[in-house]
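Visitor: For reference, the structure I am asking about is given below.
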2 protein chains.
Amino acid sequence: MVIKNKSKVKVIPLGGLGEIGKNLTVIEYDNEIVIIDCGLAFPGAELYGVDLVIADITYLLNNKDKVKGIFLTHGHEDHIGGLPYFLKQLNVPVYGTKLTLGLVKSKLEEHRMLADCTLNEIKLGLQIKTEHFKVEFIRTCHSIADACAIAIHTPEGIIIHTGDFKIDYTPIDGEVIDLQRFAKLGNQRVLLLMADSTNAERPGYTVSEKIIGENLTRIFGNAKGRVIVASFASNINRVQQIIKSSLAYGRKVAFSGRSMEKISAIAMELGYMHLPEGQLISVDDIHKYPADKITIITTGSQGEPMAALSRIASSTHRKIAIEKGDSVIISASPIPGNEKLISKLIDALLQKGADVIYNAIEEVHVSGHACQEELKLMHTLIKPKFFIPVHGEYRHLRQHALLAEGLGMDPKNIFMLETGQILELSRNGARKAGIVPSGSIMIDGLGIGDVGNVVLRDRKHLSEDGIITVVVAIDKASVSVLSGPDIVTRGFVYERESRDLLNEARDVVKTELDKCMEKKITDWFIIKSNIKYALGEFLYNKTKRRPIILPVIIEI
Amino acid sequence: MVIKNKSKVKVIPLGGLGEIGKNLTVIEYDNEIVIIDCGLAFPGAELYGVDLVIADITYLLNNKDKVKGIFLTHGHEDHIGGLPYFLKQLNVPVYGTKLTLGLVKSKLEEHRMLADCTLNEIKLGLQIKTEHFKVEFIRTCHSIADACAIAIHTPEGIIIHTGDFKIDYTPIDGEVIDLQRFAKLGNQRVLLLMADSTNAERPGYTVSEKIIGENLTRIFGNAKGRVIVASFASNINRVQQIIKSSLAYGRKVAFSGRSMEKISAIAMELGYMHLPEGQLISVDDIHKYPADKITIITTGSQGEPMAALSRIASSTHRKIAIEKGDSVIISASPIPGNEKLISKLIDALLQKGADVIYNAIEEVHVSGHACQEELKLMHTLIKPKFFIPVHGEYRHLRQHALLAEGLGMDPKNIFMLETGQILELSRNGARKAGIVPSGSIMIDGLGIGDVGNVVLRDRKHLSEDGIITVVVAIDKASVSVLSGPDIVTRGFVYERESRDLLNEARDVVKTELDKCMEKKITDWFIIKSNIKYALGEFLYNKTKRRPIILPVIIEI
């Protein structure tokens, strides 16, 4: 039995299944673990006030000595953003392509931990070897440069994880996805494929970045004034294309927004972005050139209120104001949940007199993920024995599973895994084999994991109906009220305009207190809960709202 | 001058421009005002805890005697939902088609004010006359039955307001849009067109409801178990189509969800929906029939957490649970802002084993609004002298204005109006002529307008970082602390798990208090503000969060 167990490969996703973000996949064999990606997730609206979400890595902390390294498919936050928190707990070597590591470096520098970390730049075509594993990186295309799939050669067979990918035959940087390598591995019997499901609901093919580039150039050709383009800072090829369109019309380029400035500097330094000497200008100098000789590339394509484009739109940017004749291109599509913010942004820019071009009216953005026909090509090249759809909500994973079935795969060989579930594989079979601890760790300010369900529930309640605090000082010896009740409130009604209501509320509390005093109740808990109940009913009847009621009794 | 002013028509939108919802348009001439629609808006996420938003009607209250009536284009909430609040303040006659008034009646009954209101059912083809106006209703198509455009014949010319509309040559109920009437009015010189801009960004035509009906019937034909369809309760023609598809396969129909039950009952009573005797069953009886003989039509297509479908998906519905083999059709598309809720709903249903069909994978819903080609047809038939794009955010209004320009309209005759702006028109010209009071009134529980910016700002702050209340009892005579400081907190950190932090916080407050006592400061305001500052800095340094700090001083 021991020997049999040893001869199995375990695949354990600790994030990224049934959700968008915090991708982290564990591959284990015997005494070794390798990890693919270490991302973060951005909190949904239900996670009130939370800044970031990372994966619970208890399982890895319990198996510290096994972990050989983290292999990164690409440099997006949902694949690398969890690294600083991970490496603080478990400092293992990190492997990735040059650009991916460039972005990781900058992140680790911000956390002042770069010196303590081991980053290993990989070379395509070479394998990293451990006792049981050989790990190789395979070129793919995605909405960030230098993206890779990862193939792990295990004693039981080859495991391929596509990372996020699409198939682009004419990418801006010329780095075409290495279909040959996938085909070759496909001929060597692939045990397991894990593939990106983000666009599994979408039929057809993803349009090439080249088409977007051509559209941008046409729009630049028609622009009479400045062109301001918002895009994801990490979409380096898109930014390169915007630069190309700018240069074609003799426009200088300025970067605006912290991440745009930072990432473009990294990309230029590492040779992933090219801007001829003298064509890059500072935002401070844009007024020195005619409007039709200026391009500003900026952050804020998601309508984030604090990002550069929103500040430009709301006239709170220190250096850039919308001028009549400006063309603003939003070269991005809304991340689900951001639709309304972006709509408001577009409205504000239009109202300031800018011409705004966005995907609903012109094709100025394309997804970085494979649509159905591309997924079919990948499955057909790789011909895996087993398949786990990854990267996506449940609906996407399921569509991807149905797609694989449609290609003739045995449904028994397709595994709809959940975060924390173990898939045990050997060359002969695969089965779900229990679960490991897993979940979401919330990061709020400096606190990691100290915001839990109680705090979130309170924040939700506070956001809907506010809070009312009742303070009373009681003389313990005589069981009598010394002072109060005083009532203060926030987020319930505006105190100044609701004096009558709050005076009545104070009377309700007073009556309740008197009753307690008469009965000589000295258990503060009972007094508090009586106040809560009486005041709660009173306020609900008067307002149909249920603020949090917080009684504080001071004993003198 | 007085005579000249008198001979102008004023058009004043009090809602619905630059926003989705709370449509209300004022048409004024001399001593008379007629109103088109009286809607509500659903609050965006930034309006923490607010239930509904209605238009500020101060202008109408200041011109009470002029108001002759409210004319309703159709029965959607964004066109009739403000009526109970409006009529409580200004009780004027209401005019509309039978179904629209049926929905209004039910609403007024809920507010227990039906007996006091005057509802007048209009007849298509007949005009309602006031001293200066003649008002007629013209059949249109929309995602609710019995929708109309409204033409107002004024002394200066004809004003046409399309309401929400689309062009459907094969509507389910056979009530084709009355293009002839629009054409005829177009020949009589139309002064002003106000037309629906919701889909002005979308090229082409809106697909006919008939196609959706055919798709639904095909899906019903393939379903092996129960079919559960979620749609908008008010989309009576869609519900009728679902009934038709059900009957075609011998399925009984049950309604689930309060608004679905209510609106379908009204629609059947008024003859807008037909379900043969014995085919309608109660949700209580669904277990009495085989699964493939049951259709459940339900609310909750927007993923609203309290609606029937969400409760079914989360296993908290009292009567319906998902069974293996169920097909769930979401015959609706996300209202912007609801995308994530709907995605979660789909995930939950799939995970429970249902087959889920939604618009991303099959065409089971179509918009109720005209796309660009339909708008062009309407403009071309009506040939207005002046044009105001209405119903939509600024981006939609602008696209609609561009579309009109593209048809050859003089840009000077197109008015991008804002809520509250007056457009003054005569047969010779039109101009913006100032503004009237306007805005959004927030309804939260029973309170109308008592939630303002201060309360909303506090709710936002509370939702992000929570609150910390500091209570201290001070002996005024001796200027010394009698008791406290006590610290209680909600939504900041979990008290039980953060005792150290809160103990330190108490020490910080204590130190600050001691300083104040030493200096014999008796101005509570100064003590409070010192506590706020010291504690705020301490907490920010420790946590990078800034909860609301509420110091309460009890004087003994």
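Keep in mind that glycine also has a Cβ here, set from the backbone N, Cα and C atoms.
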Visitor: Same Zn(2+) 2 site as B:D78, B:H79 according to TrEMBL: which of B:D30, B:D116, B:D146, B:D164?
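Guide: Answer, per TrEMBL (Zn(2+) 2 site with B:D78, B:H79), from B:D30, B:D116, B:D146, B:D164: B:D164.
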Visitor: Pick the one from B:D444, B:D450, B:D458 that TrEMBL also lists for the Ca(2+) site with B:G49, B:D51.
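Guide: Matched candidate out of B:D444, B:D450, B:D458, per TrEMBL for Ca(2+) with B:G49, B:D51: B:D444.
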Visitor: According to TrEMBL, B:H74, B:H76, B:H391 bind Zn(2+) 1; identify which of B:H142, B:H153, B:H317, B:H461 is listed for that same site.
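Guide: So, going by the record in TrEMBL, that would be B:H142.
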Visitor: Determine the mean pLDDT over the domain 'Metallo-beta-lactamase' (B:21-216), rounding to the nearest whole number.
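Guide: For the domain 'Metallo-beta-lactamase' (B:21-216), the model's average pLDDT rounds to 94.
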Visitor: Looking at the recorded positions B:D196, B:S234, B:D444, which has the shortest Cα distance to B:H74 (Zn(2+) 1 binding site)?
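Guide: It is B:S234, whose Cα lies nearest.
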Visitor: Could you round the CA separation between B:D444 (Ca(2+) binding site) and B:D78 (Zn(2+) 2 binding site) to a whole angstrom and send it over?
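Guide: Cα to Cα, B:D444 (Ca(2+) binding site) and B:D78 (Zn(2+) 2 binding site) are separated by 17 Å.
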Visitor: Which has the fewest other CB atoms in a 10 Å radius around its CB: B:A233, B:V366, the listed binding-site residues?
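Guide: Minimum Cβ neighbour count within 10 Å, taken over the binding-site residues B:A233, B:V366, occurs at B:V366.
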Visitor: My understanding is the cutoff is Cβ-Cβ under 8 Å with a sequence separation of 6 or more in the same chain; which residues meet that for B:D164 (Zn(2+) 2 binding site)?
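Guide: In sequence order, B:T73, B:H74, B:H76, B:H79, B:H142, B:S143, B:A147, B:D196, B:T198, B:G368, B:H369, B:H391 meet the Cβ cut-off.
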Visitor: Checking B:H74, B:D78, B:H142, B:D196, B:S234, B:H391 - which of these recorded positions have a CB within less than 8 A of a chain A CB?
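Guide: Answer, by Cβ distance to chain A: none.
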Visitor: Measure from the CA atom of B:D51 (Ca(2+) binding site) to the CA atom of B:N235 (substrate binding site) and give the result in Å, rounded to a whole number.
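Guide: One finds 23 Å between the Cα atoms of these residues.
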Visitor: Going by C-alpha distance, which of the binding-site residues B:A233, B:S234, B:S367 is nearest to B:D78 (Zn(2+) 2 binding site)?
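Guide: That would be B:S234, nearest by Cα distance.
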Visitor: Here are the binding-site residues: B:H142, B:H365, B:H369, B:H391. Which has the lowest count of other Cβ atoms within 10 Å?
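Guide: Candidates: the binding-site residues B:H142, B:H365, B:H369, B:H391. Fewest Cβ atoms within 10 Å: B:H369.
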Visitor: Enumerate same-chain residues with a sequence separation of six or more from B:S234 (substrate binding site) and a Cβ-Cβ distance below 8 A; give 'none' if the list is empty.
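Guide: Sequence-distant Cβ neighbours: B:G75, B:H76, B:L103, B:S143, B:I144, B:S259, B:I263.
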Visitor: Including all protein chains displayed, how many Cβ atoms other than that of B:H76 (Zn(2+) 1 binding site) lie within 10 Å of its Cβ?
Guide: 26
